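Visitor: Just passing along the structure, written as structure tokens.
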Amino acid sequence: MEFLGDNSETDKKKMKKRFHRHTPHQIHRLESSFNECQHPDEKQRLQLSKELGLAPRQIKFWFQNRRTQKKAQHERADNCALKEENDRIRFENIAIREAIKRAICLSCGDAPLHEDSYFDEQKLRIENAHLREELERVSSIAAKFMGRPPLAHLPPLLNTMPSELFHSGPSLDFDLLPGSSTSSLTVPTLPSQPNLGLSDMDKSLMTNIAVTAMEEFLRLTQTDEPLWIRTSGCRDVLNLQSYENMFPRSSSRRGGGKNHNLRKEATRSSGVVSTNAMTLVDMLMDSVKSSELFSSVVASSKTLAVVSSGMRGSHGDALHLMLEELQVLSPLVPTREFSVLRYYQQIEHGTWAIVNVSYELPQFISHSRSYRFPSGCLIQDLSNGYSKVTWVEHVEVEEQEPVHEMFKDNIREGIAFGAERWIATLQRMCERFTALVEPATSSRDLKGVIPSPEGKGSIMRLAQRMVSNFCLSVGTSNNTRSTVVSGLDAFGIRVTSYKSQNEPNGMVLCAATSFWLPVSPQRVFNFLKDERTRPQWDVLLDGNSVQEVAHIANGSHPGNCISVLRGFNASSSQNNMLILQESCIDSSGSLVVYTPVDLSALKMAMTGQDTSYIPILPSGFAVLPEGGRNNQTAEIKAEGGGGGGGSLITVGFQIMVSSLQSGKLNMESMETVNNLISTTVHQIKTTLNSPSTA
């Protein structure tokens with residue numbers, strides 16, 4: 001017993017020795033640093049450590065504790081404000097009830113009939129029931145994201161008298177909700193309306209969720225092992241066990257382990273892009289510009305509400321509620337829909353962060369059952385016109401149907417929707433935008449056909465519209481533009497239709513399919529983009545050759561370019577139809593998109609005139625590296641390099657089937673587009689699988 005007692009005394013002494021109280025000077029210095037930056041990096045922590053004579057670990061823990069303390073203070077203030085507002089509403093309801101009892105009829109001077117009083121009471125009951133439903137909805141959202149228990153289920157209110165509502169019913173727990181007025185709890189309106197009727201409580205809850213998401217996102221970008229596991233290439237994969245330990249939550253977003261169809265994907269990637277940080281922020285916070293920037297990734301994007309507009313160039317925050325649909329360019333892969341909060345914040349001088357996190361409203365529940373954990377990008381300005389971007393993608397998806405075998409590895413490994421694809425696309429598109437604003441001084445590139453910088457810009461904008469149109473036509477987006485005419489047939493061909501918005505007006509038929517080839521993506525790309533090999537797969541050329549008459553480089557890779565091609569028809573010396581083609585390649589895949597353009601329309605574009613009214617019917621190819629053996633990065637660095645995995649090729653065609661707006665589709669049109677796809681696929685397979693082309 002004495003031995004045990006001695007040990008106990010020793011432990012107490014050790015605990016006392018470990019306890020350290022900071023000096024007033026140290027606390028003052030730490031507080032001033034905290035006011036400047038709440039998330040110091042390792043360099044800043046080391047500097048404070050040397051200056052104050054504290055261990056870096058002590059500095060780190062002090063900042064963590066201070067952030068927690070500040071958050072708790074905000075929550076207490078919010079809770080007090082909510083309770084005061086709740087009391088105000090309660091007293092208002094009591095006053096209304098008493099006024100109803102003392103009401104006097106203006107026509108006779110007597111008390112109103114019992115029936116009127118009854119209906120007034122019923123109205124009060126219904127209003128209180130709506131309030132209760134709104135509280136439960138907001139509570140469930142807060143519990144889902146923050147890991148707190150939701151409000152206990154409250155009994156129905158419609159059969160409860162007003163006096164019972166205020167005196168005998170259970171008290172409402174407002175501790176889960178941020179401070180805000182609850183006098184106007186309006187359920188957001190339909191997505192067709194440009195601005196949602198968000199209440200102050202909605203906005204306050206959204207802000208709270210966005211701030212919490214930003215804290216998690218910054219830790220994800222600044223922490224390496226064991227949270228992230230490095231794979232081949234530029235990709236990090238999240239260690240889910242370490243993540244759960246670092247960010248514990250009460251349960252999964254959609255029922256935890258009970259649902260075996262739930263699967264998480266989480267990747268991180270970084271790279272340098274040729275655009276300054278503020279320009280990137282402006283594009284990413286604008287749903288229209290962001291869709292144009294990532295036309296091959298984002299099928300649709302819409303801002304539902306601007307919760308907070310922020311202040312450019314300052315530490316003011318901007319918060320938007322958005323709908324976003326992400327795609328893979330194939331009719332075999334379903335899109336993923338998200339209702340997200342997009343939150344922008346300047347972290348420190350020269351560093352900005354944009355975080356996306358799901359915020360599920362009842363009317364925007366996605367059919368694909370996708371949930372976005374804190375994801376987004378950290379943008380660091382490099383002061384030379386370039387920026388370093390770190391991207392994180394973290395989602396939980398519920399697969400309603402099995403993933404197609406052809407794309408299973410790409411999706412399961414986080415390649416199809418992962419961070420590396422966002423970074424590669426961003427780098428390529430930033431190079432394209434840089435080429436757009438650069439003066440057209442190289443006659444070799446333009447071959448003397450495009451006479452001015454305005455003409456170059458006009459052609460590039462027309463090509464961008466062409467590529468965006470193609471990406472929308474081959475995917476499975478639920479956009480209202482197109483209607484599914486025929487689902488996947490025995491050959492995997494999906495057919496949709498839409499009405500053309502440009503002259504000539506009519507019905508356009510889109511057909512797309514995907515297939516696999518045991519050929520490297522670089523080799524497939526070279527074969528499809530080269531005008532010398534085009535007659536081997538383009539059935540519409542009927543074996544005739546084509547010549548490049550104009551060329552615009554729009555990236556560092558020689559394959560990233562826009563070309564104007566002229567076909568040679570043996571039966572005619574005059575040909576007024578040209579082909580506009582854009583080809584591009586990066587580590588995530590490649591595109592070869594083209595459209596026939598009338599000579600007179602192309603001349604308008606070449607002189608710098610508006611191209612938005614030029615009708616286009618884009619067709620083309622999207623090539624993705626086969627999952628599991630992604631050597632595309634190495635291949636595109638060594639031009640013509642081979643080996644390493646196969647290719648997933650999506651081919652899409654569009655044809656005008658009627659010059660009448662009300663024209664109906666017929667079997668002949670379906671057969672035409674199906675034969676066009678089937679013949680093209682057969683010729684590509686025959687040519688590329690031939691030993692003579694190896």
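Including glycine, each Cβ sits where the backbone N, Cα and C put it.
TrEMBL labels come from automatic prediction, so no person has curated them.
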Visitor: Among 1-24, 25-48, find the range that TrEMBL records as region 'Disordered'.
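Guide: Matching range for region 'Disordered': 1-24.
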Visitor: Taking helix as H, G and I and strand as E and B in DSSP, count the residues of the domain 'Homeobox' (13-73) in helix, strand and coil.
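Guide: When I sort the residues of the domain 'Homeobox' (13-73) into the three classes, I find 48 helix, 0 strand, 13 coil.
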Visitor: So what's the average pLDDT for the domain 'Homeobox' (13-73)?
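Guide: Reported value for the domain 'Homeobox' (13-73) is a mean pLDDT of 81.
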